[in-house]
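Copied over from TrEMBL, here are the features:
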BINDING   B:168, B:212, B:365, B:369  L-aspartate binding site
BINDING   B:362, B:410, B:411, B:412, B:413  ATP binding site
DOMAIN    B:144-439  domain 'Aminoacyl-transfer RNA synthetases class-II family profile'
REGION    B:190-193  region 'Aspartate'
């Protein structure tokens, strides 16, 4: 018999079906046994009259919660039952995997252990309905990202994660033993997505891992995360890049709301708000003024950067003034930006760059890139870089590399913001941090 | 002015438009100059009458091929012109990036350098029409993969690439310096996609990098490649897994043929054949007999595995007998398979596993997994593994992990086969091998 998803049972009233899933609750009464069984689509009540088969009743009474079961039975309309107004009258039971008891914790129990303990038993934690929904939302969001790319002539690329030279300053770099030499883990696909511009691909995107040997333990950092990168040829400034990113995000939010909005309201008590276009844009210099006026003190050592508190404060300002959850902070000083960001022709201390802050959290850095080889080389030297290790990168610009810009977005940060979570460890399949490699 | 893609010029006859692209050919004649300009959609002839503007004519005559240009002009119907029967009459020219001359090689020149030299200048090599098409095909193929997954309730996951313990035998493992300890690069998402089964996700897929410290230099091996992985709960045997994979591949081939079939014929002189369902299946024991009968001598040291010559020979047999390009070779001996493959209940020396051979090249390994913790542990010990480093994996099966199976496919191998290429280095954005880390 073909397996029927629980969500589809109503189409089979009166029929014998097979369902497969996990035992969420067992109520063993005097004459009846009730099993609440869950699959990825829904939950259903399964009923068994003990008098029908004493041996089977005996077996059911020994079932532990979270065991994996295959059950056949007849679907019966029953308006009294809370779960969908129907129940399944059990005919046969196969125990595919009996859960050990007690479990480290019950995913559908009354109390939820601390995050760190849940991370030790992540696969049990992932059984919670919040987590299944979160990864269903991620799937839909990524599909919407690619759908937009597909409609706009983007090429999907997979750039190497093992690299011979660092793409940024060299800090936060993991070293690999690569046969008889050293290699490194890519901190971003930056150099290689730009190579795709030199290759004439015009528009590319990549969704893949990026690695940062960052020893910090904040609620927004990971040593490995999934980066979403886009790079677009023939942009004239970061404004062109922002214009694409906001349309893209609008499409993603709309799709997630359409598919999961109602369930997100139920499970997370959170409303998906599709951001209106255009997003507000505020130059960095103005942001500093606004923060000052609001009495927010930026740390002195930030070299023109904003700290997380400042990000939340400017987001609060934008929410009050524009009723918008997103804000592009533009035109960052060169001190806070890497050498490959293009500079304003009329103000060489400012880059043509932006950060995107969503609900108070930075989720994107983007920029127009410097594509003129001589200027790029000069900017690298100014930043104190050695040219020899990045010569292969500088070469990309020698034979007709078009002007281009792009951005990178952290997938788990986007999910945090989208679903209103307060720790990135809750929005990633498996967290990696300085002291966390298992499971 | 908005930029117009060259492929769309016919819709703008008589209008002034802006195009952007690369100078492929310059023909500088006495009175006229003709520029063939290419973007990702097509090529067009641009004409300029020197008498119009002597300074501009002078500038055009200094243009090097492969320079990045922005050109405005009027689109004119001209049936004599080979490129689409139209031309652009140049009004203005902006040189966005003048290519140095001479180039290491001309992507649209008459002779093609050796592969290794082209890999040194991969971004120039990627400008060739074969390569742009290849990555457009890859984009479509991946989109079709995810479309199938979307329609069949799969969840997309991103598993960690930095791992605390190896998932396989420990050979071919890259070591990372991870703060004050050692970590490893994931050789496959095997353990973690199985974790998603323990997490009750039921059906997952991942497209991401996998790493193999394999010192070989063949035309089919890389130290880093893009793996496509699926894992499906409630399968009863590898037959269930094969049934899904063949439907999935059929969908991918159909989509690629629909979108790019004609262009693949033109550019690669290659016909996309959508594989019919079901694919032939031949048990391994029978394959050995067939190879013997055809006089193919398998190497003695293969422990029940087939060598590449054997793969080509069995593919030739299948092509002759069934006129099919694909064959599932099933039921491999336990000596050739890892500990986590389920074994046949009636023949404990055979695993419920398969390889998929496409046009003579192995592109997939798949299996029903052993989900019963005691048997899994026993099989690990039999293979000589230490339990302690994989205890976190064995734990996945303790609390109701359903039966499941899955497979992994190499993306670049699929492209090789799909487009009839004979070296995997031609079908990957940037090749990584024991001696190749740059660019």
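The backbone N, Cα and C atoms fix where each Cβ goes, and this holds for glycine too.
Take the CB of residue B:365 (L-aspartate binding site) and look out to 10 A: across all protein chains shown you find 19 other CB atoms.
Counting in whole angstrom, residue B:362 (ATP binding site) lies 20 from residue B:369 (L-aspartate binding site) by their C-alpha atoms.
Mapped onto DSSP helix, strand and coil, the region 'Aspartate' (B:190-193) counts 4 helix, 0 strand, 0 coil. Sequence-distant contacts of the region 'Aspartate' (B:190-193), counting only residues of its own chain at least 6 positions beyond either end whose CB sits under 8 Å from a CB of the stretch, comprise 157, 159-160, 163, 167-168, 204, 206, 229-231, 340, 390, 393, 396, 406, 408. Here residue B:413 (ATP binding site) is positioned 13 angstrom away from residue B:365 (L-aspartate binding site), judged by their C-alpha atoms. When the record's ATP-binding residues B:362, B:410, B:411, B:412, B:413 are compared pairwise by CA position, the greatest distance found is 12 Å. The secondary structure of residue B:365 (L-aspartate binding site), as reduced to three states from DSSP, is extended strand. Neighbour counts of Cβ atoms within 10 Å were compared across the binding-site residues B:212, B:369; the minimum falls on B:212.
Comparing residue B:212 (L-aspartate binding site) with residue B:410 (ATP binding site), their Cα atoms are 13 Å apart once rounded. Residues B:362, B:410, B:411, B:412, B:413 make up the record's ATP site, and a Cβ search at 8 Å around their centroid adds B:220, B:225, B:361, B:363, B:409, B:414, B:415, B:416, B:417, B:424 from the same chain.
The Cβ of B:411 has fewer other Cβ atoms within 10 Å than any other of the binding-site residues B:410, B:411, B:412. Straight-line distance linking the Cα atoms of residue B:411 (ATP binding site) and residue B:369 (L-aspartate binding site), rounded to a whole number, equals 22 Å. Under the three-state DSSP scheme, residue B:410 (ATP binding site) falls in the strand class. Mean model confidence of the domain 'Aminoacyl-transfer RNA synthetases class-II family profile' (B:144-439) amounts to 95 (pLDDT, 0 to 100 scale). In this structure the C-alpha atoms belonging to residue B:369 (L-aspartate binding site) and residue B:412 (ATP binding site) are separated by 25 Å.
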